[in-house]
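One structure is given here, and the rest of the page talks about it.
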Ligand code: RP5
């Protein structure tokens with residue numbers, strides 16, 4: 001039996017997937033079930049509303065939302081659900097993701113989006129952070145997260161090759 005997805009990875013465009021895959025890879029590694037969807041704040045606004053308003057009822061515990069440019073997706077999702085939203089600023093072509101970052105991070109008080117770094121590092125960390133949030137209520141996942149950290153530490157050489 002496949003576990004019900006606890007994390008939703010949503011992105012504004014197919015073009016965001018190479019970045020957002022880094023979040024998916026982390027969740028795969030930590031054995032956290034997720035579902036990935038394309039939801040555009042601007043091109044598919046009705047899909048956005050439907051997704052956000054049903055996120056909690058559909059069992060999602062964390063939403064990871066990545067978008068680039070005028071990146072309204074994470075904030076709009078956060079406005080319609082109490083499920084925690086982690087925002088990933090995708091590296092845009094025109095402004096290298098500075099636009100995405102500022103669009104996502106500057107939320108008004110009252111509607112938080114936990115904003116990560118621009119690009120693949122931010123997506124990978126969003127996956128890890130989602131796992132850490134879920135691990136507060138899942139001891140086995142906490143152990144997998146600790147093992148990941150230990151493995152990462154062990155992989156760092158003392159001296160450059
Ligand atoms: C945003 O516009 C998406 O999140 C993407 O980062 C950016 C460009 O989208 P495409 O024109 O590549 O579909 O909505």
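Cβ atoms here come from the backbone N, Cα and C positions, even for glycine.
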Q) Which one of 37, 43, 47 goes with 13, 16 at the substrate site, as TrEMBL has it? A) 43
Q: Please compare the binding-site residues 13, 16, 43 by how many other CB atoms fall within 10 Å of each one's CB, and tell me which has the fewest.
A: 43
